[in-house]
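Q: As annotated by Swiss-Prot, active site, proton donor applies to TYR269, with the evidence given as similarity to another entry. As annotated by Swiss-Prot, active site, lowers pKa of active site Tyr applies to LYS273. Annotation source Swiss-Prot lists NADP(+) binding site at ILE108, ASN120, ASN186, TYR269, LYS273, VAL308, THR310, GLN312, citing similarity to another entry. The transit peptide annotation in Swiss-Prot covers 1-55 and rests on experimental evidence.
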Amino acid sequence: MSTKLCQRIARTATLSPTSLVPRSSRLIPIVSSAAVRPSSAIPTRRPFSTTESRYLANVQAGMDKIRDAIAENFGGPAHNIGTTSFSLDDTPDLSGKVAVITGGSEGIGYGVAYTLIKHNLSKLFILSRKREVFDGALASIASELGQDKADRVHWIQCNLEDWAQTAVVAEQIKKDTDRLDILVNNSGRGIMTAGLTSYGVDKHMATNHMGHVVLTSHLLPLLQKTAEETGETVRISNQSSNLHSAAPKGTQFKSLEEINEDVGPNGQYGRSKLAGILYARYFDREVTRKMEGSKGRVVMNATHPGFVSTKQSVKDIHEPYPISGFAISHLAEPFKKDQFEGAVPTVYAVTMANEGGQWICAPAKAEAGTDLAQSDELADNLMELTRKIISEKTWPKSVAKGCPMDDVVVHV
């Protein structure tokens, strides 16, 4: 054994126990409890000042707005990050209730129809143009929810551009049911080039707004009767959009010439979606509030479905934008909501909302909308112009007492 090795063994034998603790453990200092500062001596942070509290509240509010904007417009995980909570599974039981949905055979309308039937709606009238599209929707309902649920769904052909025919459809519904709890004004013309109906009225306004006014006005007595007899809230929704912001800034709704002016695909569409919000505001003032004291009441709200993958955003968008439309139809597709996510705010509006005159965004948040969308004066202009155009283009005697909604009726 070498001399150096013998010296190392001798040194090891004389080490104290603490020196045998592993090196890593010896690096941790052992502090006695007496050396710890009393908790009372630890300085506390002063309370936030009013200015600091206000700043932090503004930051939080700003973050909430961002979360809501994302949830309101995009699908997938983004759909669920908003500050409000509602899912299609939260839809209440609808046993005994009856609904009408325009455009309920496809897209968002189908998402709404499917959900209402799934939650035991007793009868559903779907109004649309093409029987073959409805047949496909009905087959899907039968396959997924059962034939019993499919047997509750009835189809009536309806072209909302044709107000006289729309009136006939509404009168037929009143013969086929003794109650109506839900009306979904969903069908509409998307972002497309300008055109005029046979009445000589802009197609966007004639379909998206005025056709639904005719339908709603004819059905209103039945809606009110249902509210009075059941003592419940009867609900109407108008399919609007955040693209109501694309309506011309100078919109006044003062004349037929104004709404027939070609303001571009986005402007045409945006103006008609602005009308849906204003209609809800007007209805709240002229119908809902006048029912106070009744057993039940009828409320109307407008909704924003978000950026949804539908025929409008995949196919129709190429009519006004043959090339650039691919950005919406294809590149943006991964970020869109599906038809069921797009249906969420409408389902909330027609099953849960108790207040009217709101613009409800996904999943269940009432937003203010643009300045134009908040103008009662503009709402009055819109509905007076609507009354005037419908009465002049269909039957002069159809409106005799002015502007209240129950007077905007095309007599068959």
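Residue numbers in this text run from 1 along the chain shown.
Backbone N, Cα and C atoms are what each Cβ position is placed from, and that goes for glycine too.
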Q: Inside 10 Å of the Cβ of TYR269 (active site, proton donor), count up the other Cβ atoms and send me the figure.
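A: Excluding its own Cβ, the number within 10 Å is 25.
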Q: Can you check which residue among the binding-site residues ILE108, VAL308 has the largest number of Cβ atoms within 10 Å of its own?
A: ILE108
Q: Compute the C-alpha separation of the residue listed as 'active site, proton donor' from GLN312 (NADP(+) binding site), stating it in Å without decimals.
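A: That separation, Cα to Cα, works out to 12 Å.
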Q: Counting Cβ atoms within 10 Å across all protein chains shown, which of the binding-site residues ASN120, ASN186, THR310, GLN312 comes out on top?
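A: Output for this query is ASN186.
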Q: Select the closest residue to LYS273 (active site, lowers pKa of active site Tyr) from the following binding-site residues, measuring between CA atoms: ASN120, ASN186, THR310.
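A: Closest by Cα distance to LYS273 (active site, lowers pKa of active site Tyr) among the binding-site residues ASN120, ASN186, THR310: ASN186.
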Q: Does DSSP put THR310 (NADP(+) binding site) in a helix, in a strand, or in coil?
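A: Looking at the DSSP assignment, THR310 (NADP(+) binding site) belongs to neither helix nor strand, so coil.
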Q: Could you measure the widest C-alpha to C-alpha distance across ILE108, ASN120, ASN186, TYR269, LYS273, VAL308, THR310, GLN312, the residues recorded as binding NADP(+), and give it to a whole number of angstrom?
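A: Largest Cα to Cα distance for the NADP(+)-binding set is 34 Å.
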Q: Run through the Cβ atoms and count how many others sit within 10 Å of the one on LYS273 (active site, lowers pKa of active site Tyr).
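A: Counting Cβ neighbours of LYS273 (active site, lowers pKa of active site Tyr) within 10 Å gives 28.
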